[in-house]
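Participant: This is the structure I have questions about; it appears just below.
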Amino acid sequence: MTNYLEELNESQRDAVLYNEGPSLVIAGAGSGKTRVLTYKIAYLLEQGYTPWSILALTFTNKAAREMKERIARQVGDQARYLWMGTFHSIFSRILRCEAQVIGFSSNFTIYDSSDSKSLIKSIVKEMQLDDKTYKSGLIQARISNAKNHLVFPDAYVSNAELYQYDLNAKVPATRDIYRQYWERCRQSDAMDFDDLLLYTYMLFRDHPEICRKYAEQFRYVLVDEYQDTNFAQHSIVLQLTQEHQRVCVVGDDAQSIYSFRGANIDNILKFTQLYKGAKLFKLEQNYRSTQTIVCAANSLIEKNSEQIKKEVFSEKAKGEPIGVFNAYSDVEEGEIVANQIVKLRSREHYSYNDFAILYRTNAQSRIFEEALRKRSLPYKIYGGLSFYQRKEIKDVISYFRLAVNPNDEEAFKRVLNYPARGIGDTTLNKVIDAAAQHHVSLWMVLEEPLAYGLNINKGMHTKLQGFRELVKSFIVEIPKKNAYELGAMIVRQSGIMNEIYQSNDPENLSRQENIEELINGMHDFCAIREEEGNENILLTDFLSEVSLLTDQDNEKEEDAEKITLMTIHSAKGLEFKNVFVVGLEENLFPSALSLNSYKELEEERRLFYVAITRAEEHCYLSFAKSRFKYGKMEFSSPSRFLKDIDVHFLKLPQEEQMARRIDERASRFCREQNERASRFLFDESASQPSYGRSSSNLSGGQKSFFVGERPKAEIIRPSVPRNLTKVGLATVSKPSAAGTLPVNVLAGQVIEHERFGIGDVIKVEGTGENSKATVRFRNAGEKQLLLKFARFKVVE
DNA sequence: CCGGTTCGGATCAAC
DNA sequence: TCCGAACCGG
């Protein structure tokens, strides 16, 4: 074991070295949680664990990727073989292997939430229910919540309590919709996000031999952000580890901010009861923030009732108090923040990268954009409409999906008449009816319209046949072409390319760019994998990867300095020297929707805690007295959370300060009264059915706030793995390493790789076509490169 | 069946 | 402000 243990403090070291049984690491904000996890994995590898016997689960792809890179720096290329990824991606991998056992094919589609929403919508329509009462978002939330609690359709139907709840909510048919939705997904060979968990659980539950197989393979299981696991995730971890008990979970109950998608804080609170003899480690030293920031955050989170006791402290400088800005309007709030950035930057020579503006909702970003643009300050926005949610991308991907799995109902509906080929709603509805009647997929009806009694005329038959042949012509190419080649072919032959390249109005232009970016991304996707020695990267492989990517997953390294704008949720796990938390107003933060239960309000407070603890040196809070909402000016009052922070750590505006001092005692009294009252009124969110923590995701699907043209600003979006080389749609050639001749490279040389950067060549094996180099990259760890594909140049 | 326009409704975070 | 469902004329 090496020197890196010396880089850890005592409690971190204890947590890394203890591997004899289950352990829970409570890691305060900025306390080196990732460091502990990476070192622990490195340590396990040194102790003789093989990489594929270690399972590490995270919440974002980004977290997994970063951790993998850090581990690779410690232990080299073997990091590549770790089972490290999000719950969803790891489980989808397992499910694709074992799909047959549970009645799916290994090419099953993953429905994103807009797919599920749309399916629910059509089911509601088919059942002739009123879609004003049965709102798709609401039903989706109910179903999702059930799945997160491992409630299968049968159990839902027979659960009196759930039925009563739905009855009270005037949606008694929810259980029928759930059942129907379940069947339709199966018919379509599709799983939604929640299914990836639910079916994994079911697989392990119903097939103990399979469960045992994985439990034995994963000799050690680690879970990051354990406070954000839901019951399903928690149960699967238990399935895998209850035999051998080699499990380590890491988290911070104070940073649990995802109960709206089923996260259950009890999982972490009760861990030590569930795993008898589990060791508890607490990481309490914050290495990120000034003492003032840490103390302010502590004083805030103290106001929450449920938490594991811990004392986070910092030994860094005391730092400046947290600045509070009081603006008259949302526009002025933007001005103030922008001015403060300019001021700070000139005073202390920060880079633009050192600034982040964090808000509760994406919609708030606009005002700040304008203020920053006015001063020519560079910025980047995370979030908004993700790349894969864009219409043109969803269209193209739907064709991909249909080729890989023609039973995919949502993909089918989406492209049956896009580009327009004269098959309208009337016909589609006939197909849907026939399919429902015979319990088959839409595609099966399309294959044998007569057998399923499809009542359409001759002309329509021909049109349907045309579509059928089109899709089939893609299907036959799947094994013959790689993902990139087939992707480019589909874009052209489906007619999408014609449609979009017809005119060059700005809207089409951006669509063209997006589609080209997708295709370029596919090119790189293939190239990278081929470089690493894999052959035949099929469309299937591409699809299974991209369906789980999100806005957070951009691989692109920023070269230019930019101010970061993002929601607090996306900021989790990040840190910045200077943080502005904006929009601290009642009904915005805390959100109006969180005010009906005590638990939700506490979650909002934890969210605020997360926001503040992102800051290393300076933290500012701001609010506006008026703000445009839905096109109307609305007045707002300062957030109650401002009063939760001990006034000693704040620098209030002058007049506020006076007022605050005077009535501090009075307000504390009021606050206590209010809290007592709200605890009483909303205790335990009594209206929820037994399994239900308040999930209240009434909206469900993603809404875009950023549609249309955005001036200049760079929107960070999920990478279709970024383009290294521009490959136009017109030039479809085999990416055989862009035709470069095998480069002669020798051990000891230094190379510069397009993606991995500078690295030392350690050894070269094989000859000609198959020669392979092992390279230790300075930033990307050790990699094996197949020279016939690798793109790099020799530096010295 | 198609494409354009109008109207009304939602209104949060995201794997 | 935004988006999508509903409506209507070709």
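A Cβ is built for glycine as well, from the same backbone N, Cα and C atoms used for every other residue.
Pulled these from TrEMBL:
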- A:6-290: domain 'UvrD-like helicase ATP-binding' (DOMAIN)
- A:ALA27, A:GLY28, A:ALA29, A:GLY30, A:SER31, A:GLY32, A:LYS33, A:THR34: ATP binding site (BINDING)
- A:291-573: domain 'UvrD-like helicase C-terminal' (DOMAIN)
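Are these features on the surface or tucked inside, and what are their neighbours?
Facilitator: Across the domain 'UvrD-like helicase ATP-binding' (A:6-290), the prediction's mean pLDDT works out to 93.
In the three-state DSSP scheme, A:SER31 (ATP binding site) falls into the coil class.
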Participant: Between A:SER31, A:THR34, which of the binding-site residues has the fewest other CB atoms within 10 angstroms in the structure shown?
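Facilitator: Per-residue Cβ counts within 10 Å for the binding-site residues A:SER31, A:THR34 bottom out at A:THR34.
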Participant: Counting only residues 6+ away in sequence within the same chain, which have a CB under 8 Å from the CB of A:ALA29 (ATP binding site)?
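Facilitator: Sequence-distant Cβ neighbours: A:ASP252, A:ALA254, A:GLN255, A:ASN286, A:ARG288, A:SER289, A:ALA297, A:VAL312, A:TYR609, A:VAL610, A:THR613.
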Participant: Could you tally the C-beta atoms, other than its own, that fall within 10 angstroms of the C-beta of A:GLY32 (ATP binding site)?
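Facilitator: For A:GLY32 (ATP binding site), the 10 Å Cβ neighbour count is 22.
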Participant: In this structure, which of the binding-site residues A:GLY28, A:GLY30 has the fewest other Cβ atoms within 10 Å of its Cβ?
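Facilitator: The binding-site residues A:GLY28, A:GLY30 were compared, and A:GLY30 has the fewest Cβ atoms within 10 Å.
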Participant: Taking the recorded ATP site as A:ALA27, A:GLY28, A:ALA29, A:GLY30, A:SER31, A:GLY32, A:LYS33, A:THR34, identify the other residues of that chain whose CB atom sits within 8 Å of the mean position of the site's CB atoms, giving them in sequence order.
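Facilitator: The surrounding set, listed in chain order, is A:ASP252, A:LEU283, A:ASN286, A:TYR287, A:ARG288.
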Participant: Which residues does A:ALA27 (ATP binding site) neighbour through Cβ under 8 Å, counting only same-chain ones at least six apart?
Facilitator: A:LYS33, A:VAL36, A:VAL250, A:GLY251, A:ASP252, A:LYS282, A:LEU283
Participant: Taking the Cβ of A:LYS33 (ATP binding site) as the centre, count every other Cβ atom within 10 Å, in any protein chain shown.
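Facilitator: Summing over all protein chains shown, A:LYS33 (ATP binding site) has 23 other Cβ atoms within 10 Å.
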